[in-house]
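Student: According to TrEMBL, the record shows the following:
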- 87-120: transmembrane segment (TRANSMEM)
- 140-166: transmembrane segment (TRANSMEM)
- 200-219: transmembrane segment (TRANSMEM)
- 240-258: transmembrane segment (TRANSMEM)
- 278-299: transmembrane segment (TRANSMEM)
- 320-343: transmembrane segment (TRANSMEM)
- 355-378: transmembrane segment (TRANSMEM)
- 390-408: transmembrane segment (TRANSMEM)
- 414-436: transmembrane segment (TRANSMEM)
- 457-474: transmembrane segment (TRANSMEM)
Amino acid sequence: MEFKRFFLKVSSFTVGTLISRITGLLREMVFAYLFGASYATDCFNVAFRVPNLLRDMFSESALSAAFVPTFCEKMKKEEKKNMSPSLSLFASNVLNFLILIVGSITLLLIIFSFYVVKIISFGFSQNPTKFTLTLSLTKIMLPFLFFISLASWAMGILIAYGYFFVSAVSSAIFNIFSILIPIFTYTIFLKLNYEPILSMAYGVLFGSIFQFFFLLIFLKKLGYKYYFYLSLKDEALRRVFKLYLPVIFGLAAYQINFFVNTTLITFLEEKSITYLNYAYRVMHLPAGLFGVAVGSVSLQEFSLSEREELKDNIFLPIKINILLLLPATLIFIILSLPITRILYERGRFSFTDSYYTAIALSLYSFLIFPSSLVRVFASLFYSLKDTKTPALIGFLSVFLNILLNLILMRKIGFRAFPISASIAAIFQTSLLYSLLKKRVGIKIINNETKEFFKKTLYFLIVFSLALYFLYKIFN
């Protein structure tokens, strides 16, 4: 794996992701300005978790793990720059099954949304106002799951062809509509005596629709042609399902984790969900900017590589993650309060809200680096057509996360959730690395890498001291 080629791909994905993350932060800033931290924001955050949790299970994470390696394998046989009729047929077959499955699930969730909300927001059931608002928001945002799943299918194909910038920047389309719709309809909802936060839910819905159509434009440029074709006899499709099922098992564990955590948080003091959500969004900026970029490029590179090349290719994405994400972690730990105040403290968002959000941010920061390594290690397993091992390890880390939350939340409140997530991610990373070491023979620490780690350690110490003194001077 050439450093220059790999780095250019990561840079392309990073620039697209940067644009998306900036618009995502603007979306959060608009959200904080319009709605502050209130019972309505708690309702929105709980309601959005219903389709957002299933999004990982039925679209991005699972589909990428199963679809991209299989698609890349067919690409290697074709050896063509644009999509051939056979590749279009395979892609259409996957798309049609996705429409059938996810469409049915979305429809069922809308029909039984009352019971879904009853389960996901059990702590709200004693407050009819909060429960009713959460139910309305959930119904509006559930179709988001369907359209974002279609967008993820398109992103998988574009990533396989190296369209990293387009794939990454497509999320900006979603964010832009999530910003514009509430800005222009906020007062309209007020005049009609509707809860204004409903405008944010409509922004989420239409944002996902336009994101899919944006990606479809570039698929057409690749030569993609849609076929009304639905067949389980396709060997490649069966391979996708075979890889997909273990990922679903692992992601189901993550959804159980989110479900349990969401339920537990509803029993904490008011605003806890909002503090954690705002902090997580900020933490996810470097994790999404660099971690996702390196993980996505790694999946494509590993899938197109021969098995004997994997041992030598693994250190490059790890090295890039170290150089980019460890400094970001230190910035968020040391400068969490000024960062939170700059981003959120305006309108109805008070200094007290900033203070508690900053605590959550500093604790979530320990999650950045290990979660990025999980993406790289999991991508290597996926390229080996092994989705069972990462799924099983993911299940174990989720069990650890829930257990730690139950133990810690009574003593330290909302602080328990970022601490538990970080410990679980470190456990998951360590276990994946140990198994890859046995499976492929990878060895991160050797004579060639010792000097790099030594220099990096010196740099991080100096960088931490510089940040600390900077904080003291300007505080």
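Including glycine, each Cβ sits where the backbone N, Cα and C put it.
Automatic, uncurated: that is what TrEMBL annotation is.
Since this is a predicted model, take the numbers as computed values, not measurements.
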Student: Using a Cβ cut-off under 8 Å, which residues of the same chain at least 6 positions beyond either end of the transmembrane segment (320-343) come close to it?
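Tutor: Distant Cβ neighbours of the transmembrane segment (320-343) are 6-7, 10, 25, 28-29, 278-279, 282-283, 286-287, 290-291, 294, 351, 354-355, 357-359, 361-362, 364-366, 368-369, 372-373, 376, 456, 460, 463-464, 467-468, 470-471, 474-475.
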Student: Against which stretches of its own chain does the transmembrane segment (240-258) lie, if we need a Cβ under 8 Å and a gap of at least six residues from its ends?
Tutor: 49, 53-54, 56-57, 61-63, 65-67, 69-70, 94, 382, 385, 387-388, 390-395, 398-399, 401-402
Student: Any chance the transmembrane segment (414-436) and the transmembrane segment (390-408) have 3 or more Cβ pairs under 8 A, given the pairs are 6 or more apart in sequence?
Tutor: yes
Student: Tally Cβ pairs under 8 Å between the transmembrane segment (140-166) and each listed stretch (87-120, 278-299, 355-378), then give the stretch with the top tally.
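Tutor: The listed stretch sharing the most Cβ pairs with the transmembrane segment (140-166) is 87-120.
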Student: The transmembrane segment (390-408): which same-chain residues, six or more beyond its ends, come within Cβ distance under 8 Å?
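Tutor: Beyond its ends, the transmembrane segment (390-408) has Cβ neighbours at 65, 246-247, 249-251, 253-254, 256-257, 260-261, 264, 377-378, 381-382, 415-417, 419-421, 423-425, 427-428, 431-432, 435.
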Student: Mind checking which residues reach the transmembrane segment (278-299)? Cβ under 8 Å, same chain, six or more beyond either end.
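Tutor: Result: 6, 9-10, 13-14, 17-18, 20-21, 24-25, 28, 32, 64-65, 68-69, 159, 164, 167-168, 317, 320-321, 324-325, 328-329, 332, 339-340, 343-344, 357-361, 363-365, 367-368, 371-372, 375-376, 378-380, 382-383, 418.
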Student: Do any residues of this chain, six or more beyond the ends of the transmembrane segment (355-378), have a C-beta under 8 angstroms from a C-beta of it, and if so which?
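Tutor: Counting only partners 6 or more residues beyond its ends, the transmembrane segment (355-378) has Cβ contacts under 8 Å with 65, 271, 275-276, 278-280, 282-283, 286-287, 290-292, 294-295, 298, 314, 317-318, 321-322, 325-326, 328-329, 332-333, 336-337, 339-341, 344, 390, 414-415, 417-419, 421-422, 425-426, 428-429, 432-433, 436.
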